[in-house]
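A quick write-up on the structure given underneath.
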Amino acid sequence: IECTLIDPSFGGDEKRVDSRTIYVGHRPCPATEAFIPPKFCDNRIVSSKYTIWNFLPKNLFEQFRRIANFYFLIIFLVQVIVDTPTSPVTSGLPLFFVITVTAIKQGYEDWLRHKADNEVNKYPVIVLEDGRSIRKESEKIKTHYTVPDTEKDLQSLNATIECEQPQPDLYKFVGRMHIYKTDQEPAVRSLGPENLLLKGATLKNTKKIYGVAVYTGMETKMALNYQGKSQKRSAVEKSINAFLLVYLCILISKAVVCTTLKYVWQSQDGQDEPWYNEKTQKEKDTYVYLKMFTDFLSFMVLFNFIIPVSMYVTVEMQKFLGSFFITWDKDFFDPEIQEGALVNTSDLNEELGQVEYVFTDKTGTLTQNNMEFIECCIDGFQYRNSDSMSELDGFCDKEELFLRALCLCHTVQVKEAGPDEIDSDQVDGLVSELSQPDEQRGFIASSPDEVALVKGAMKHGFTFLGLENKSMKIRNRQNNVELYDLLHVLNFDPVRRRMSVIVRSKSGETLLFCKGADSSIFPRVRQEEVDRIRMHVERNATEGYRTLCVAYKQLSPEEFAVADAGLRDARLALQDREEKLMAVYNQVETSMSLIGATAVEDRLQEEAAETMEALQGAGMKVWVLTGDKMETAKSTCYACRLFQRGTELLELTVRTLEDVSDLTCHFEPWGVHLSLRSWSTANQEYGFIIDGATLSLVMNPSPDTNSSRYKSLFLQICQNCTAVLCCRMAPLQKAQVRQLDVFKPHFTPICIFYCLVSAVTDALLMCMLLILLFLYLYFGPQNLCFILPQFLYQFFCGYSQQPLYDAAYLTMYNICFTSMPILAFSLLEQHIAIEYLLDNATLYREIAKNAMLKWGPFLYWTVLGIFQGLLFFFGVKYLFSNPALQDNGQVFGNWSYGTIVFTVLVFTVTLKLALDTRHWTWINHFVIWGSLAFYVFFSFFWGGIICMKCCTHFWENKTALTLDLIYHSGSTPADEMSLQTITDWWKLHTRSQAA
């Protein structure tokens, strides 16, 4: 569930359409009103894709969306409906095997999702229902129940909550609460994002809370953001579909050629209706075009194995079993949380080896998000963070005002340490020891910047003691406690880049303290104050420190009254609340006095520089999207080696851009210059820097400008730079940048990471991808050389659609004889040692953009398959040039010919894979030699027992006319293989027997 926490300010009332009302407790309903209880969804979470009832139809629908599966389904139906040369089993059994294995794999993964859902849905909770505490399962919680514990005051609570309908924005919530008490006017309290507890949140810094469920089950924000039910298709799989279309065209071409040549051959005198095999009247009445179409379908069935249906099941098994290797990898194990990598779905494993663009934030990703106060500038004078307190002797009112602002302008909470607790600061779950062990308190904050500033003020003699009953307490350097009433908090947001508090001192003064980015504060203070501070801010930013400016304003009673009324009305609004609050914020945060600025250090992550070098060496382009000042972000990029000392930087910011027309003046020369040289081959590396204001001109230009042209030029420049830095960005702009591929179809980041990828991960995933690419390229030529002899055979059997291979071989070729060796190869092969990969990141570039699945390698493997197919067929034909190969003088039959071709094919395909194997394990030996042994055993069993019985039965009951016909007609072994000849003979023999 997602619930609202009860805490906020009073105000008025208004109605809103498209909102929901939640009733808490038992509000008396007037007799004149009709009460209709609202209906909300239950609290069940469903992340699974299937149910028992829809699994079969839904899974079959998804599987038959694949070209190969749908094609084999059509072939199977044709074999069932039309009299074809092969049994429906030859295509139906492989298709059934593929569908079954894939369904089992997807069903198992979905069962894991069901299991995870049940753990959440069956979790025991305590709810307040009808004034009683009742233990229930989580899925049975309904909107308006209170979780998790109750007290007397809560049991008697009667209230209603009006809030917006469910929507996926995690950082937005608009609502208000009406509290009803006997003989009193209803009290109205504002509810905002700070009152919303999201589903899945972990409770910290308190033992319990009281809340009301406003969104449940699939209406929670987390569920609305879940996009996992649609089946994912990798870019590699999409590329394979294009190659399969080529093989489909080859298949259709073969069927057309054979159908045409059949009717050309039958058009000759005596070939269509010989004297011994006259057509029946039904055959004569058959429409010729219908018969041609039926023959075309028969040839399609005969050659259908050129499409490798078993490739998909092998790939599915490789992905599924390969996901366990990721889970078992010790390099992915985090000893702090005692967890390793978790693979939620294996559909996109190979995509992890195709990373081309890495999008990363700066704070908390490139840096540790562990802030330390370094220095401050007050009224133009610099104060370093030092353990020595001698600097305080010269402090004046301006310095003390600055330190008071640091102690008051924040949302930090003080956590008093118990006798058995460790003193620590907590920031979003991160714990760090206090620098002063004698202070028996820790600080709790949503941002580490605020803790660093509060501790910086403590270093200089001003200590924040905590907030109690809306009263903030600080201790000054004279050890006197000062009290300030907290009237309003103007929360920080990334758009206006500042936050403020309005407090009232015991002397009655109403003060507004504001801190924020220099670009946000400087326009709101006097220019002469800015000149004294700007130099220090820019110097600190250049050194890589995070800078904040601090200002204040004394409010008159009239100004405060207007601001107070405006803030209360805006916070109770259900429509356009954010816009109304922004208007009030901008109104009150004007004409301020600039006090000073701070510098805070955020250290780099361990091995961040080495990781960046590895990523760039692998050919990945790193984009840093941050809201920090350009100088700070630029310094960080140099420190982590994203920008090298020899990198030529192209800067497009408000300081280099005077108006919109300058965009073209900058873009076109850069675009032409960079398009003439590829970043991956040029000696000179380029970096691109753009700020949020300039990006707005590119992404959201005025109506009279060429929007698409700006975006095209922007992408052209970014694609040819090794690194891109986007600074002073709002969250919405970050989302716009990540969606830039919409405007440029060929600009397609194959995989986007929001965190840095370790080199070990790259090496492992590169191996997996190379093996998968080999696996994809393996199946096409394998099936091409398998079916090409079948096509060539038609030229020697009168295009009679006689199969070259036995039906059992057709059925088992892909699912038994050749499937296990390639599966073991794809799982266990290590053709490049991981140590070598770690030392040579440039190897990653060789497989970028699916390089091994381009048309060049595909055509090479296709030509190789054609060559092998020709060699198999004509090599065996040459072997059969001597008609008397058996010791009894008889020639081999057509099944013997086909079996020899098939045997050569199986051994060649398997032994070639053995030659390509570089990392041998006992599993490889077992499946490779075991597959060959199984084939030999099966061939002896099938050909020596079953077929021998059939032949014995035939020769014992029929005459020797067959041999006479074959020997005395001067037929060659290939001619003897003609089904048309045998058919014609059998009809003649039957008629003679009847006569």
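The first residue you see is number 1, and the count goes up from there.
Each Cβ is built from the backbone N, Cα and C atoms, and glycine gets one as well.
Among the features that TrEMBL reports, domain 'P-type ATPase N-terminal' is placed at 38-91. TrEMBL lists 242-265, 296-315, 751-779, 808-828, 858-880, 895-914, 926-945 with the feature transmembrane segment. The feature active site, 4-aspartylphosphate intermediate is assigned by TrEMBL to Asp361. According to TrEMBL, the ATP binding site annotation covers Asp361, Lys362, Thr363, Glu450, Phe492, Lys515, Arg546, Thr626, Gly627, Asp628, Arg728, Lys734. Annotation source TrEMBL lists Mg(2+) binding site at Asp361, Thr363. Annotated domain 'P-type ATPase C-terminal' per TrEMBL: 775-949, in sequence order.
Here the features listed in TrEMBL are placed on the structure.
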residue : record                                        : Cβ within 10 Å
Asp361  : active site, 4-aspartylphosphate intermediate : 18
Thr363  : ATP binding site                              : 20
Phe492  : ATP binding site                              : 19
Arg546  : ATP binding site                              : 25
Gly627  : ATP binding site                              : 21
Arg728  : ATP binding site                              : 23
Exercise. Top stretch among 808-828, 858-880, 895-914, 926-945 for CB pairs under 8 A with the transmembrane segment (242-265)?
Worked result: 858-880
Exercise. Any contact between the transmembrane segment (926-945) and the transmembrane segment (296-315), i.e. 3 or more CB pairs below 8 Å with pairs at least 6 residues apart?
Worked result: no
Problem set entry | Long-range environment of the transmembrane segment (895-914) - Cβ separation under 8 angstroms, sequence gap at least 6 | 778, 782, 785-786, 789, 793, 803-806, 809, 813, 817-818, 821-822, 825, 868, 872-873, 875-876, 879-880, 928, 931-932, 935, 939, 943, 947, 973-974, 977
Seminar exercise, completed: For the transmembrane segment (808-828), the distant same-chain contacts (Cβ-Cβ under 8 Å, at least six residues beyond its ends) come to 86, 89-90, 93-94, 97, 305, 308-310, 313-314, 317-318, 321-322, 325, 771-772, 774-775, 778-779, 782-783, 786, 898-899, 902, 906, 909-910, 913-914, 916-917, 919, 921, 923-924, 927-928, 930-931, 934-935, 938, 942
Exercise. Between the residue listed as 'active site, 4-aspartylphosphate intermediate' and Phe492 (ATP binding site), how far is it from one CA atom to the other, in Å?
Worked result: 19
Exercise. What mean pLDDT score does the domain 'P-type ATPase C-terminal' (775-949) have in the model?
Worked result: 80
